[in-house]
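These come from Swiss-Prot:
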ACT_SITE  D303  active site
BINDING   H58, H60, D150, D303  Zn(2+) 1 binding site
BINDING   H60, L61, R62, N92, N276, H307, F321, G322  substrate binding site
BINDING   D150, H177, H230  Zn(2+) 2 binding site
Amino acid sequence: MYVLKNGQVLNASGELENKDVLIQNGKVNLIADSIEVTSGEEFDATGKLIAPGFIDVHVHLREPGGEHKETILTGTQAAARGGYTTICSMPNTKPVPDSKEVMENLQAKIKETAEVRVLPYASITTSLGTDELVDFEALKEAGAFAFTDDGVGVQLAGTMYEAMKRAAALDMAIVAHCEDNSLIYGGVVHDGIFAEKEGLKGIPNIAESVQIARDVLLAEAAGCHYHVCHISTKESVRVVRDAKRAGIRVTAEVSPHHLILDEEAIPGNDGNWKMNPPLRSKADRAALLEGLLDGTIDFIATDHAPHAAEEKNVPMEQAAFGIVGLETGFPLLYTHFVKTNEWTLKQLIDWMTVKPAECFKLPYGKLEEGSVADIVVLDLEKEATIDPATFYSKGKNTPFVGETCIGWPVATFAEGTLVYNEGEIK
């Protein structure tokens, strides 16, 4: 049992109120002006924000098969440090969770080693990236969170349509990395001014937006919940906005780096700036910010994609796609958008908690009496510099190295257990 003393919580109007929070048996038992108990442990939250633990539906944990990049343990330690209490792990592992047996083995490993809640995706196709569909029903029974071939787009419309019909019958979501392989052209960055300046092959906007346009029509026909991963282009935002207006059940996420950076920020041919989707144009970034504010884009997800140093500290042509994000998500977004008065604190917290929970019908993301005690304590005055040497993640690959941010998680409770406190994993 814990009593979080002298903290602040956000009320429904987005105003800060001074409150104590009592955690008992893994639940939020009481939220009150003052709580006095004779047993349990007192946690000093003076001057700090007590918020729901963050939810990230797009995380690469790499295990099994990629343990040199990340493990379930190190990835969930990174999540705890970043204030995330629920993360959803992508299936581009070896082996791929494309069968009941592999999924059950993965669930057992998660139960054994994870510091926070991990909800694993199953792949849409066998081995991921093929045209043979998995056994959707068996994988749901084995505990799959949803279905995705993240890392590649499902290339054939017929394959995607059949997948959507099967997912809809089970009331499960299809989560899509949207990329038409015939439009990538071997690109490593956005097809724009940086690619032209550096003489690099570019990935055009239409590689993403064309597949989203196809898929929203398939989702409408199948009656499926279709979720767009890491949306990055103005055309994609337009397609999703129009689909929502038409009543199609489509949701979308955006990554912090696509909100903060664009291609003009890239300093040179450095693999640590290579990600998929790539950093787009200023106009694309503006469209993403507008789409998030008007509800076209539903929430924020990091697309935490750790790699070994030798896979990133090379030119873009040789580097792996992806950057880490779990340990920097909140500080970056708070510094760039809340401190600058572009967003309210409540908007940011909602996009990292209740919004993803609502989209995927998760019973998390709220701080209220009776809720699961997934809690992050945030010091909104704490100033620190992003230093990959301090990361719990094995991946140190971030373009934000050396950036000073204000507002950091200082403690994380997962189902009432203190898993991170003042720089230490418990």
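FYI, residue positions are counted from 1 along the chain as it appears here.
Note: Cβ is positioned from N, Cα and C throughout, glycine not excepted.
Annotated features, which come from Swiss-Prot, shown on the structure.
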residue	record	Cβ neighbours (10 Å)
H58	Zn(2+) 1 binding site	26
H60	Zn(2+) 1 binding site	26
L61	substrate binding site	31
R62	substrate binding site	26
N92	substrate binding site	22
H177	Zn(2+) 2 binding site	22
D303	active site	28
H307	substrate binding site	27
F321	substrate binding site	18
G322	substrate binding site	22
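Among the recorded positions H58, H177, H230, D303, not one has a Cα within 10 Å of the Cα of N92 (substrate binding site).
Rounded to a whole number, the distance between the Cα atoms of H177 (Zn(2+) 2 binding site) and F321 (substrate binding site) is 13 Å. Among the binding-site residues H58, D150, H177, H230, not one has a Cα within 10 Å of the Cα of H307 (substrate binding site).
Across the structure, the residue listed as 'active site' and N276 (substrate binding site) are spaced 9 Å apart at their Cα atoms.
Other residues of the same chain near the Zn(2+) 2 site, with their Cβ within 8 Å of the Cβ centroid of D150, H177, H230, are H58, M90, T148, G151, V175, A176, C178, C229, N276, D303. Cβ proximity to the Zn(2+) 1 site centre (mean Cβ of H58, H60, D150, D303, cutoff 8 Å) flags the following additional same-chain residues: V59, M90, G151, H177, C229, H230, A301, T302, H304, A305. The Cβ of D150 (Zn(2+) 1 binding site) lies under 8 Å from the Cβ of H58, M90, P91, N92, Y121, V175, A176, H177, C229, each of these being in the same chain and 6 or more residues away along the sequence.
Across the structure, G322 (substrate binding site) and H230 (Zn(2+) 2 binding site) place their CA atoms 12 angstrom apart. Counting only the Cα atoms, the space from L61 (substrate binding site) to H230 (Zn(2+) 2 binding site) is about 17 angstrom. Cα spacing between R62 (substrate binding site) and H230 (Zn(2+) 2 binding site): 18 Å, rounded to the nearest whole number.
Those residues noted as binding substrate (H60, L61, R62, N92, N276, H307, F321, G322) have their most widely separated CA atoms at a distance of 17 Å.
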